[in-house]
Amino acid sequence: VPSWSAMIISNLSSYNPGPFILVGIPGLEQFHVWIGIPFCIIYIVAIMGNCILLYLIAVEHSLHEPMFFFVSMLAMTDLILSTTTMPKTLSIFWLGAREITFPGCLTQMFFLHYSSVLDSAILMAMAFDRYVAICSPLRYTTILTPKTIIKMVVAIAFRSFCIILPDVFLLTCLPFCRTRIIPHTYCEHIGVARLACADISINIWFGFCVPFMTVISDVILIAVSYTLILCAVFRLPSRDARQKALGTCGSHVCVILMFYTPAFFSILAHRFGHNISRTFHIMFANLYIVIPPALNPIVYGVKTKQIRDKVQMGTGL
């Protein structure tokens, strides 16, 4: 009887692990206090910028358009993305609070990956919005009705949920009987799965391939949208009309490049850059989570006339 009870307790403890330890940035532990300062500043910029952007879109009636609805959704997703990781990262850097419970780790992982996949889906929806605005301007309000936009939002939010939720269940099924030390500043799916003392091939397949293929499909649809947009723009008779049409896409293209370029670089470096140090990977991963959310509101503020005018009026007052 004692041996059976010991086996049951052992199994329960392996499938319901205790707290994990987040190391931070391996190799730079002695510099954590100083590294935390720029990260904190960028995070504050991200919070303030996105909150100001949401406020302006809410109060300014000229911004109550489909495009700015998607911009506000992107701002909310960016707030979730940066807030999911950065407060914990700063507590590791400054307070040495490296412990994170297993449920806390799963929650952080879910919102991190969910907001990343949702960001990609929002950028795809915004590309469709620009396609309709430029290629079918007379039908813009009849195609992108409030009802249609709500359906699009529900669809992309539900799609992102369905892609990421299985990752949580896959992790809860793994036994963790070895180390619980995570050489990172936050919990991400494959990083946690690698600590398990079991086969994680399904985690690698589902946790990497499914989100990656989803993002690739988003990129393809964005590329198709912009190819059709460019074809329509270059058919316009006047140079001013072409510049105006391209100007409306400028901010969106900047945000697309800021989101996808480092994402693909990180994926390729992770898969093929075996000579790149782990310290670089983790530093880059942290910058990727906080810099685009900080820059997106600035890009929209600079590139979008309605937002720029409103900000100037506010500062003038």
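Heads up, the Cβ atoms here are built off N, Cα and C, so glycines get one too.
A TrEMBL annotation is a machine prediction, not a hand-curated record.
Since we're looking at a predicted model, the values are computed, not measured.
Listed features, source TrEMBL:
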type     : residues : note
TRANSMEM : 31-56    : transmembrane segment
DOMAIN   : 49-300   : domain 'G-protein coupled receptors family 1 profile'
TRANSMEM : 68-86    : transmembrane segment
TRANSMEM : 106-128  : transmembrane segment
TRANSMEM : 149-171  : transmembrane segment
TRANSMEM : 204-233  : transmembrane segment
TRANSMEM : 245-268  : transmembrane segment
TRANSMEM : 280-302  : transmembrane segment
Mean per-residue pLDDT computed across the domain 'G-protein coupled receptors family 1 profile' (49-300): 88
For the transmembrane segment (280-302), which partner among 31-56, 68-86, 149-171 gives the most CB pairs under 8 Å? 31-56
Would you mind listing the long-range same-chain contacts of the transmembrane segment (149-171), meaning Cβ under 8 Å and 6+ residues beyond its ends? 66, 69, 73, 106, 109-110, 113-114, 117-118, 121-122, 124-125, 128, 189, 192-193, 202-203, 206-207, 210-211, 214
